[in-house]
């Protein structure tokens, strides 16, 4: 029998209730003892994921485990949160310093800080990966909702593009080695290694609900989160500054990474010349890849945060709903959606080609912009209408609301709303600017319409997705076989009560046949819901593709630039747009879930 | 018997299980029906706060009430959240527009938007107050933790000062009526009415857990929150702009609302002259009162948010812990704290007097600054040391962690950490600036030390308070009367098991006497905890008084101003400092709670 030393609360005298059964006054477990208990619990998780019965009293184990969980969460969670907060704010101060003060704190000092953070994070991730592979029972619980394939796939895609960016950066900065700090070359090298390690780590471990070394894991994950967010801040600031270094922005368009490239001389070209000839080419190239690295940091942050929330969580394996993804149930939605995607892609390609042409034909550019705006207005209008239909169906719908708590779903909803803020901000800033300009000119009018419709669409879509996620999935009701034999009826009734279904206790043959004849066909409501989801899903994909692959009408149309100063507008777009892109991808995943469950 | 129409899920045919008991296939309640049920439930809350038994089956009522609650929360909460989000972001866009663009969108347009928001909010608050007073059973549940006295007292204090500010504003702007928009006079008038109504509303209703018209109440509260945050944004921006309108900040100190006042001419003095002579006096006066209005908006926002969280919550009345506030248990902490407060007040007054003097004696000003810095460093060091002692005691402590969920406590912790961000940001920005300046000069060294120590102190204090709030209060153990009569022993054992206490089932006479003899004296750990809490409480009060009543060493010492541009540093301080002040007040309240429970 295991000896648990228990200290009496008031007197401080030890009393061994469990071991000796000696009379002792009311006492509770000590904090120290609970810690031992926690380790003990953790070590006793056997391969089936059940907490092994320890040698101590089972009642005691059960009673204390709740306390242990709460305690671990409060202590480790707190410490890791404070660490992450400090990293973030220090990072924020350093980024601001390097942005607003060119003399003392330059980008080199900031990069040294980032290198330290990255090294610490990489070491921890390697340690975690090795520790988990050595202790093969270490992770018994997996959260099936965490790290879905779209998130991991996006991570790998953006990770690859970030790696290419780092290679271009190295190639470019090597040319400056003779007259500038070596940190500028070291940083991309270390960042490339970090991206490799982190992508591997998150790909493998995104679903983990870590049970061992919970406090260390929490701190490690918060370090990862902090590092990624500081990198994100740095990238956003660099991108904005890079765009603002153009001394006079041209009167018309072509500011964002296009014809304006030749104007830029941000990297100390005045005193330090590049030693090889392809410098400027590499520089041009890597600035194109910045948005992908920004997106990569956001994805990694989201995944680290989800892992942090899951530490110590005893989640049951994701029970896949029995409902399957059947495309043949729906027809109109996917067809309309695919047509929209094709039309969107076509106009997007034409728009990009026109904008990237080097000549300064303003009329041609205005036509391209108009086409892009019209396309976007059409997409957003169709989406708003179909979402409204979906919301009405939800109101008419008879499905139950999910009553149990689900942290992953709450997190999903939080990320959805949080990410939508990015697009909201851009749209509202755009609305104010175009409305103040009086909506004069067809481009302004279209821009205003686009902004207003986007706000409406975002609101409706958030509402629709969140309502959908909170509904119980449609269960395929198994028809009850009814016999005239009363004993069998009894047994079937027992079975149904065992399953916990709220079926009527007196199934009658008449109604059973009724059920059977109607089962395979969808009701019109389910059908409409599925059509709406399929359409919205595809529409979100095209709205994702356009900004992700370079469409920046925000900079090609100059109302907002003139209204706010350029730097303000660049900051708004550079902060908002990556969140907007993330939002579209997240929406696609959530809509897929709503599609499957409705 | 009440008829509940129930639709069958698969077929859509109605079947009246409850009314007729006819055989029908498995069916659930419809959404429409659940809504009726919700109204029914709400209307049946009787005066004792118990849900009255409706005419329908009690089982059904119980089963559906959980669903109803979840449903109401998701639907109304979502809608109100989206409303508030939209108000906030539109407000943010308008504030940015009025800040960065002087020609088209001026402060008048922003003020019209604010007036609309304020009127809507005021109407809703009046409606709510009248509705609640008419239906006297409307609020049965009160959250005892919500709207504590320090928050409501602060609200009234800052509200009064804001009213004075509005009166000064009206008096000043009336002089410009002949040549400027009347909106500038209308706005302070409406704001004054709003402050009166809102202060009354929050004073009376801060503890409500609204049960009727939940969705409308949620939307109204989110409107209130949005309005207050937009006002807050406007005030912060105006304050920052007001400070930056000084064309050349003097080389040394005296920038913040002091000698620099005569330099300021932000209010269109170039083309529009004031018609009465006391204009400039009123203008000087009301800019002094800006920080109080900023603080008022923050307080009101926090209270509206807490009320929003409490809508529909069936909280039990706050059961006051039986532990009492006894000052005689502690001695060292309060004495040291009071000495610290007196010393702090003395140096603060001397510092303010020196800084406000009009002559340009730099040495005298440096001496005053040094004294202020030294005082702050001493306070923060003492606080850090005592907090560390407290944390160690917490680690050694044997008290249970609270296992039940408590939304108010979670909110408290969230507000605490969120508010501490403000001070964190100022300190880190200050650290980076002074560290980059190399810490040359004793003032820089002191400033750097102050920054670093403040960060440490904030981290430790957050940790200490949160740990303390998560511990079970010390229960005064009622000594068990033990008789030799076995039947009475049996009864006492039953009693103790009824109370749910984890007392040993075999209380022995020996140990009972032991308890009795030790009860009235505090253990040394409890005693030390109480001393630490009392000391920290008083130290937080002095750290609250100094910035709240005008100490701005951040602007009197010019390292940060030179390092970041002035506008950046003004924005950081103006956003961060009100949160820092709020944090100190919140800490005082939380520390009092920790003091009482430990």
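Cβ coordinates come from backbone N, Cα and C, glycine included.
Unlike curated records, TrEMBL annotations are generated automatically.
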**Report entry** TrEMBL annotation of transmembrane segment - which of the ranges B:509-527, B:528-546 it falls on
**Finding:** B:528-546
Report summary line: Other same-chain positions with a Cβ less than 8 Å from the transmembrane segment (B:216-235) and lying at least 6 residues past its termini are 76-77, 79-81, 83-84, 87-88, 91-92, 95, 110, 113-114, 117-118, 120-121, 124-125, 127-128, 191, 198, 210, 290, 293-294, 297-298, 300-301, 304-305, 307-308, 311
Report summary line: Listed stretches B:287-308, B:413-436, B:528-546 vs the transmembrane segment (B:182-204), most Cβ pairs under 8 Å: range B:287-308
Query raised in the report: Under 8 Å, at least 3 Cβ pairs, sequence separation 6 or more: does that hold for the transmembrane segment (B:528-546) versus the transmembrane segment (B:371-393)?
Result: yes
Query raised in the report: Thinking of Cβ pairs under 8 Å, which stretch from B:112-134, B:155-176, B:329-351 has the most of them with the transmembrane segment (B:371-393)?
Result: B:329-351
Query - Two-stretch contact, the transmembrane segment (B:155-176) and the transmembrane segment (B:287-308), at least three Cβ pairs under 8 Å - result: yes
